[in-house]
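*Asks:* Heads up, here are the entries from Swiss-Prot:
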TRANSMEM  30-50  transmembrane segment
TRANSMEM  67-87  transmembrane segment
TRANSMEM  111-131  transmembrane segment
TRANSMEM  132-152  transmembrane segment
TRANSMEM  208-228  transmembrane segment
TRANSMEM  246-266  transmembrane segment
TRANSMEM  278-298  transmembrane segment
TRANSMEM  312-332  transmembrane segment
TRANSMEM  361-381  transmembrane segment
Amino acid sequence: MTSTKVEDRVTAAVLGAIGHALALTASMTWEILWALILGFALSAVVQAVVRRSTIVTLLGDDRPRTLVIATGLGAASSSCSYAAVALARSLFRKGANFTAAMAFEIGSTNLVVELGIILALLMGWQFTAAEFVGGPIMILVLAVLFRLFVGARLIDAAREQAERGLAGSMEGHAAMDMSIKREGSFWRRLLSPPGFTSIAHVFVMEWLAILRDLILGLLIAGAIAAWVPESFWQSFFLANHPAWSAVWGPIIGPIVAIVSFVCSIGNVPLAAVLWNGGISFGGVIAFIFADLLILPILNIYRKYYGARMMLVLLGTFYASMVVAGYLIELLFGTTNLIPSQRSATVMTAEISWNYTTWLNVIFLVIAAALVVRFITSGGLPMLRMMGGSPDAPHDHHDRHDDHLGH
């Protein structure tokens with residue numbers, strides 16, 4: 001009888017802990033839902049206007065101007081880390097410079113509008129600013145490291161491996177060009193029926209591409225917030241020793257990201273938990289940058305470019321993230337822009353009827369309209385192509401663009 005009571009108490013405690021973690025996850029999801037919809041809608045508008053076919057011709061070398069263009073085009077592309085990595089390989093195979101392709105990849109995952117919105121909502125505008133300042137710094141450092149350590153022979157070997165066309169993840173999604181095909185001014189193209197269709201298709205496909213990582217990130221963040229005491233993180237991040245914390249944060253931040261398996265927008269909720277736990281400002285920015293180094297993506301690099309280039313990318317990306325983290329810590333520290341309070345306080349265990357609820361209702365209606373357009377304009381067959389071969393034809397969107405263009 002006593003044993004049964006103990007088991008019941010343990011079961012109740014475990015279920016209570018799980019329930020608390022799920023409650024925090026649900027609360028955080030509700031808090032950021034409208035911002036996610038807004039961010040992906042704005043991203044869909046940009047991707048609908050930027051034609052994929054024009055990108056390769058602009059990325060033929062690694063001059064500073066080309067890297068700036070590559071970064072900007074990346075920011076106008078998919079925020080799904082897997083799709084960004086696949087698209088960078090596709091651009092490289094079609095003749096883009098390797099450094100420019102990597103700059104495109106970094107811009108696609110770290111400088112997109114939806115990431116900035118979620119960072120501002122969860123953590124504060126300073127983190128959004130740091131992300132958009134630190135991203136170009138990381139690309140600059142990476143370009144210098146490539147000049148020093150990545151020779152023509154290694155690039156040729158990587159291109160030979162890339163030409164084998166081994167599949168990674170989200171290949172079909174990366175190969176789809178869902179931009180508006182008709183001619184005309186920006187607003188005429190955007191407000192046309194094909195424009196609405198393109199926006200709807202990009203919006204839904206982007207959501208589906210990042211949904212797994214977003215859910216995983218929210219669940220991990222909720223579990224850590226519920227189960228791991230802040231005292232552990234404060235000790236781990238040396239929070240009581242500010243000078244050492246500033247040194248340690250950018251070093252350990254990317255390592256935490258690598259083993260978390262969370263990428264894309266999904267690592268922002270976890271970043272909020274780590275910030276509340278005591279990681280340095282530069283450390284949390286380096287953590288967010290490191291979604292391109294999680295273990296599944298490292299394995300994709302090995303398939304795409306070979307084991308040696310994968311190790312080079314691991315070393316150079318990691319070094320550039322650490323340096324960017326240090327420079328962000330120094331720059332924002334000297335300008336007094338680092339928040340004095342660790343107030344990423346979106347994780348409460350209850351949902352209330354407030355402005356967030358109203359915004360969620362409004363943007364859920366917008367999302368529903370885009371989903372209906374996606375379904376009624378022939379978008380469902382595209383779902384089967386998301387994980388397809390990188391060399392498979394993806395002309396579905398072109399066909400129904402013609403259908404709606406009259």
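A Cβ is built for glycine as well, from the same backbone N, Cα and C atoms used for every other residue.
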*Asks:* With Cβ-Cβ distances below 8 Å as the criterion, list the same-chain residues six or more beyond the ends of the transmembrane segment (246-266) that contact it, or say none.
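*Replies:* Here the qualifying positions are 36, 79-82, 109, 114-115, 118, 209-210, 213-218, 220, 236-238, 274, 279-298, 318, 321-326, 329, 333.
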*Asks:* How about long-range neighbours of the transmembrane segment (278-298): same chain, 6 or more residues beyond its ends, C-beta under 8 Å?
*Replies:* 81-82, 84-85, 105-106, 109-110, 115, 119, 123, 126-127, 130-131, 134-135, 138, 169, 230, 233-234, 236-239, 245-246, 248-264, 267-268, 270-271, 310, 313-314, 317-318, 321-322, 324-330, 332-333, 338-339, 342
*Asks:* Taking 30-50, 67-87, 208-228, 312-332, 361-381 as candidates, which has the most Cβ pairs under 8 Å with the transmembrane segment (132-152)?
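*Replies:* Of the candidates 30-50, 67-87, 208-228, 312-332, 361-381, 312-332 scores highest.
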*Asks:* Decide whether the stretches the transmembrane segment (30-50) and the transmembrane segment (361-381) have at least 3 CB pairs under 8 angstroms, with pairs required to be 6 or more apart in sequence.
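*Replies:* Yes, since the transmembrane segment (30-50) and the transmembrane segment (361-381) share at least 3 Cβ pairs closer than 8 Å, they count as touching.
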